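Trainee: First, the structure itself, so that you have it in front of you.
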Amino acid sequence: MGIKTALPKSELYIYTAVLSLALLWAGSWIIEASSENVNRKAVRENVKPGWHYFGRKMDASDFEWVMWFTTFRNHILFALSGHVIFAKICSMVSPKNRSLIYMLYGSLAVLITMGWTYISLILSHCIILYSVALVKRKWLCFVAGVTSLATFKMEPFNTWQEGFVTGSFDLQDVLFYGGCGFSIMRCMSFALENCEKKDGNYSFMDLIKYNFYLPFFFFGPVMTFDRFHEQANNPNLTRKEREMWNITIHALVHLGAILVVDVFFHFLYILTIPSDLKLLKQLSDWSLAGLAYSNLVYDWVKSAVMFGVINTVSRLDHLYPPQPPKCITMLYVFAETHFDRGINDWLCKYVYDYIGENHDAIFKELLATICTFAVTTLWLGPCELVYIWSFFNCFGLNFELWVAKLFSLPPFSTIEVRSQRRSFSQNAMSRRIRGLFNAVNFWQIILYNVLALNSLDFAQLVAKRLLLKGFPLSTLSVLFVTYCGVQLIKERERRQALLDDLEPVPPPEETLLDDLEPVPPPEESKQKAE
């Protein structure tokens, strides 16, 4: 109840005005802090020369962004462009063997970049997990996969395996652990899908084709084996109507996002400022709230752009990988919070949904969430910060489920049914009350995730300023602005739900023909009956 409940337009206009002014105000504070403190030692170390004509320096704290779009931009563009051209030519010549062609190009690119010892290391793990997959025991495949993943995430095994890779360059660590980690996740998906195959087994070549598809190899996203195998071996390469136009539009949108982030990095040092605790203590409560929020928005933008670029390349290969994550601004529930939709889909399919089944039993649901976040902790790399992040997010998700379960039982469920017959004003008030709780939940999501994206000290400082020192003025004002944003999100969801209801559902073929066929005169009807 409540998703289709509308609010007065004047009220929504007020919410829009309040949210816009608050964002501009918080942004002005951050711009001022960035300009006035650019010469501080902690800030100066993380900025580099930017736009000389405007006298602006650029925030260069994020290694991944700098790697993708400045330092190694040409190398990445060369590799992906070569893949697109080579794959397109070979796919036109032999569309049935295009998955093999993708594998050959990807293996050659990885070999040239990382060396034959790295390829040998990846293949050794593939052989081990393929051998386990032949047994067709899910629990055994999962244990073997988790153990293999742990060897790249925990000492001393990760250092020992890294020693096999010769050479040294700035990108080596990122490529090593990225390629190894995603390879293990893909091998686990292959093994678990092989357990579901009733007749025979998938071949080792199917695993190699799946793992060495270059656009996904180093940075993801993870596409489950069943989807990849079906799409990569589909000889029908016809495209949907306006599909190339949509791919072009998405590519231009990602290019525009890169330019916007570049502009923001010259005026908003949102990644560098949180590293200087002395400077943070001098900032206003609104600045801290804006920094925490902007850190999560930036991480979403980075994930959306990085995965979006890879998705664009893979869509040219007639693959449909997981979409970029949902915008953090649109999230006010833990159940939809993720920054990598590929990993999220993988965890839901093989852990969360498998253990939780229909998600009705509370204890099964608790076990499913604990196991899901245990695997997530191993994937991110076990450490104190990740443990804290996993605990709070697991608690937040379970708390939401417990509350939903509670309100699905009498007498709350009875009140909910009766409330659907109430007047417009009563339903609108119900939506406002829900919005207040969602606003609190929104900031829980921000605080629980900013500690992993930035630092525990920064998250603690923001929480103390907003909840303790800033109470009640800063606390209530920030919550009110968040409430305005949540109501605008709900309005967007309401309109989308109404549009979904308007989509025509085609009736059965016979009924449709009967409706379209004109009613014949009585004489013709008699002749047809005869």
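Note that Cβ sites are derived from N, Cα and C of the backbone, with glycine treated the same way.
Pulled these from TrEMBL:
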REGION    500-530  region 'Disordered'
TRANSMEM  12-31  transmembrane segment
TRANSMEM  65-90  transmembrane segment
TRANSMEM  102-130  transmembrane segment
TRANSMEM  249-271  transmembrane segment
TRANSMEM  433-451  transmembrane segment
TRANSMEM  471-489  transmembrane segment
Trainee: Out of 12-31, 102-130, 471-489, what stretch is closest in contact terms to the transmembrane segment (249-271), meaning most Cβ pairs under 8 angstroms?
Mentor: 12-31
Trainee: Do the transmembrane segment (65-90) and the transmembrane segment (12-31) come together with 3 or more C-beta pairs under 8 Å, pairs six or more apart in sequence?
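Mentor: The answer is no, given that the two segments have fewer than 3 Cβ pairs within the 8 Å cut-off.
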Trainee: Excluding the flanking five residues on each side, which residues at least 6 beyond the ends of the transmembrane segment (12-31) place their CB within less than 8 Å of a CB in that stretch?
Mentor: 267-270, 273, 283-284, 286-287, 289-291, 293-294, 480-481, 484-485, 487-488, 491
Trainee: Would you kindly list the residues that approach the transmembrane segment (471-489) from elsewhere in its chain, counting only those six or more residues past its ends and only Cβ-Cβ distances under 8 Å?
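Mentor: Answer is 7, 12, 14-16, 18-19, 22, 285-286, 289, 329-330, 332, 431-432, 435-436, 438-440, 442-443, 465.
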